[in-house]
Number of protein chains: 2
Amino acid sequence: MNNNSCGPSRIAGCQFTLFPMSEKFVDIILGAIEEVDTSKVWKDTDDVSTCVRGRMGHVFDVTKAIFLHAAKTGEHVAMSGTFSIGCPGDTEADSYMDESDQLLNEEKSQAISQQAGCKFSLYPMGREDYMDAIYEQIDLSKHRGVEVSHAHYATRLDGDVKDIFEAMHQSFDSVQEKVSHVTMTFTISANSPSNQS
Amino acid sequence: MNNNSCGPSRIAGCQFTLFPMSEKFVDIILGAIEEVDTSKVWKDTDDVSTCVRGRMGHVFDVTKAIFLHAAKTGEHVAMSGTFSIGCPGDTEADSYMDESDQLLNEEKSQAISQQAGCKFSLYPMGREDYMDAIYEQIDLSKHRGVEVSHAHYATRLDGDVKDIFEAMHQSFDSVQEKVSHVTMTFTISANSPSNQS
């Protein structure tokens with residue numbers, strides 16, 4: 001496999017699961033999905049996770065919006081997932097790459113104010129100097145409103161959910177400009193009772 | 001960074017979060033942790049995730065046992081996490097590498113029968129031929145009792161929780177013998193109502 005096999009389309013994707021820590025988890029998940037416009041991404045859901053794929057901006061727009069609409073219920077909700085771009089052999093759903101730039105969920109997302117804690121890790125694939133690629137491309141200090149700290153195997157971000165996703169989006173985008181295949185794992189948690197003392 | 005910076009210790013770790021989809025999530029998490037002997041691993045927990053580190057066998061033993069003890073409550077529970085080995089610069093908690101082989105939770109885990117679905121992805125770092133490293137080392141067909149299927153960005157395993165963790169453990173172990181720094185993400189889900197029709 002070489003970088004050329006990825007093609008010019010640069011389709012991005014996110015495989016994620018939403019976890020409401022509540023008996024009402026089904027209603028919270030379905031309610032969040034109902035409020036989010038997913039028409040600009042390819043989408044597939046099973047009992048373990050949901051996968052959305054398309055242009056990077058829409059993939060982040062949809063993932064962030066689903067978490068925000070679930071978290072605004074006030075219940076303790078978390079989301080874990082993996083963003084991916086340039087995965088070799090991944091050409092399905094290419095038709096979604098023709099969608100326009102306009103983000104379908106940005107206006108509703110901007111109206112929601114929600115604090116959260118998040119841990120994320122970036123994995124540039126197929127590069128011997130992958131650690132340098134991470135250090136060179138990421139400057140989290142410029143993200144106002146997000147508190148950055150180091151965790152084992154991860155970087156921790158605390159702040160508003162929109163700022164957290166913005167910081168992850170920019171980090172992911174910077175690295176994928178230099179490295180063909182990049183994955184980024186994250187776990188974000190809101191309304192945790194252990195954080196409300 | 002080169003492979004030599006990893007040192008000879010080959011400390012493994014797992015950063016994971018347990019998600020009970022229930023109002024009783026605190027009791028289920030604390031109950032599971034109480035039943036699991038973590039004395040052979042370094043452990044750190046905050047409001048987003050738990051990190052355990054030590055010898056690979058104990059890291060898998062503890063992670064599997066925590067999920068099993070939570071799932072046996074019958075509630076819909078899931079766990080997402082990332083196993084890691086050979087992470088450059090990761091030398092803390094090295095004292096746990098002197099622990100003996102004996103798995104502290106194996107006997108209790110073997111007594112629990114629990115079906116689940118799981119998606120996992122292996123990421124060998126710092127190798128241009130990382131896809132070959134994955135394909136060469138993993139032969140999931142030999143794992144009896146686990147149904148293997150392909151998912152976007154992941155491999156899906158269905159079966160008993162113990163067999164699922166065994167398949168992940170062997171895959172991770174095979175790849176880390178050839179590649180210094182390996183990470184493996186997973187999401188495992190049990191007692192999902194969408195799976196009980």
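Using N, Cα and C of the backbone, Cβ positions are placed for all residues, glycine too.
For the domain 'Thiamin/hydroxymethyl pyrimidine-binding YkoF putative' (A:11-90), the model gives a mean pLDDT of 94. The feature domain 'Thiamin/hydroxymethyl pyrimidine-binding YkoF putative' is assigned by TrEMBL to A:11-90 (among others).
In the domain 'Thiamin/hydroxymethyl pyrimidine-binding YkoF putative' (A:115-195), helix, strand and coil residues by DSSP number 32 helix, 32 strand, 17 coil. According to TrEMBL, the feature domain 'Thiamin/hydroxymethyl pyrimidine-binding YkoF putative' maps to A:115-195 (among others).
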Composition by DSSP (helix, strand, coil) of residues within the domain 'Thiamin/hydroxymethyl pyrimidine-binding YkoF putative' (A:11-90): 27 helix, 27 strand, 26 coil
